[in-house]
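Contents: one structure, followed by commentary.
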Amino acid sequence: MAKAKIAVNGYGTIGKRVADAVRAQDDMEVVGISKTKPNYEAAVAHRLGYDIYAPAANLEAFEKAGMPAAGSIEEMLEKADLVVDCTPGGIGEKNKPIYEKVGIKAIWQGGESHPIAGFSFNAESNYEQAVGRDLTRVVSCNTTALCRAISTIDRELGVNKVRASLSRRAVDPNEIKKGPVDAIVLNPVKLPSHHGPDVRSVLPHINITTAAIKVPTTLMHVHTVNMEVNKDCTAEDVKNIFGSQSRIRLVGQGITSTAEIIEFARDIGRPRHDMWELCIWPESITVTDKELYFFHAVHQESIVVPENVDAIRAMMELESDGAKSIEKTNKAIGLYNK
């Protein structure tokens with residue numbers, strides 16, 4: 001079977017990770033990545049051997065910078081079977097008419113709203129519904145985390161209600177123009193936050209309400225989660241359920257902070273210290289009268305990356321079984337949980 005030809009439109013925090021993850025698979029390949037300016041990220045892409053495409057008006061700038069572009073973004077799209085749009089939130093919506101004109105399958109990120117594709121994706125929750133689709137939205141880092149945790153418990157115990165409080169990192173590490181630096185920001189002030197409805201775009205039967213704040217850190221998000229379940233269980237039962245999932249990591253051995261999780265990722269040799277798994281503190285898991293509580297941490301730069309690969313595989317009909325795709329993706333990128 002020929003490899004699926006994938007274009008990555010936008011080579012920033014998510015795009016560069018998606019490109020590397022796609023390149024690691026044996027059933028898909030990157031035909032090109034796009035950058036608007038010949039900056040350091042474009043230089044790295046050039047050094048890594050990616051064909052760079054740029055807006056037609058900017059091609060000369062890339063030539064002068066010593067990293068000649070392979071062509072325009074439209075030319076990149078013509079070579080691909082599917083485009084993964086990793087542009088900043090709001091830009092993806094503007095790109096949709098271009099994709100429609102070319103007649104290419106497209107994936108957007110969680111910075112866009114659900115209606116852009118009419119379908120929101122999480123591999124553990126609704127992989128099979130994505131098979132053969134032309135348009136898909138991979139949900140955000142926070143929604144991906146909640147969907148992983150909720151769908152895992154829902155399959156085994158049944159979830160009646162979820163209440164979650166999100167402490168969101170302020171910005172990614174390379175975003176020097178944003179904050180807060182010395183403040184905790186209500187985000188949003190009006191409750192509930194948008195994360196609950198976003199979870200329901202994937203798991204429509206879940207009763208969930210969320211609240212969110214921004215805190216002055218760049219490393220990870222942390223959620224405090226309360227679930228009301230339908231079956232009797234113990235904390236040990238919940239640990240075993242979470243521990244059975246390849247994209248959930250139980251973090252212990254003295255780890256009590258996001259800084260230590262990132263250091264652990266560095267120590268085990270993860271590229272860019274990425275932590276693709278949802279990290280749950282097993283000591284925090286508490287069960288009282290069919291209510292369970294726990295903390296989990298979310299590496300916002302990388303948790304959605306394997307999800308994008310699985311979405312490609314489903315949409316291109318390379319694999320109809322979600323569990324098999326997850327296993328294949330994990331193995332290729334080096335996600336070994338245990």
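Even glycines carry a Cβ here, placed using N, Cα and C.
Keep in mind that this is a model prediction, so the values were computed, not measured.
According to Swiss-Prot, the features are:
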- T13, I14, G111, R169, Q300: NAD(+) binding site (BINDING)
- S140, C141, N142, H195, G196: D-glyceraldehyde 3-phosphate binding site (BINDING)
- C141: active site, nucleophile (ACT_SITE)
Using Cα positions only, nearest of the binding-site residues to G196 (D-glyceraldehyde 3-phosphate binding site) (T13, I14, G111): G111
Cβ within 8 Å of the mean position of the Cβ atoms of S140, C141, N142, H195, G196: remaining residues of the chain near D-glyceraldehyde 3-phosphate: G110, V139, T143, T144, A145, L146, L166, S193, H194, D198, V199, T210, A212
CB-centroid shell, 8 A cutoff, NAD(+) site T13, I14, G111, R169, Q300, site residues removed: S140, C141, D172, E301, V304
Sparsest-packed among the binding-site residues, when each Cβ's other Cβ atoms within 10 Å are tallied, from T13, S140, N142, Q300: T13
In three-state DSSP terms, the structure that Q300 (NAD(+) binding site) belongs to: coil
Cα-Cα distance maximum in Å, computed over every pair in T13, I14, G111, R169, Q300 that the record assigns to NAD(+): 16
From binding-site residues T13, G111, Q300, the one whose Cα lies nearest N142 (D-glyceraldehyde 3-phosphate binding site): Q300
Pairwise CA distance, H195 (D-glyceraldehyde 3-phosphate binding site) versus G111 (NAD(+) binding site), rounded so that it is a whole Å: 12
C141 (D-glyceraldehyde 3-phosphate binding site) CB neighbourhood, other CB atoms within 10 A: 25
C141 (D-glyceraldehyde 3-phosphate binding site) as reference: those binding-site residues from T13, R169, Q300 with C-alpha within 10 Å of it: Q300
Length of the line joining the Cα atoms of T13 (NAD(+) binding site) and S140 (D-glyceraldehyde 3-phosphate binding site), in Å: 13
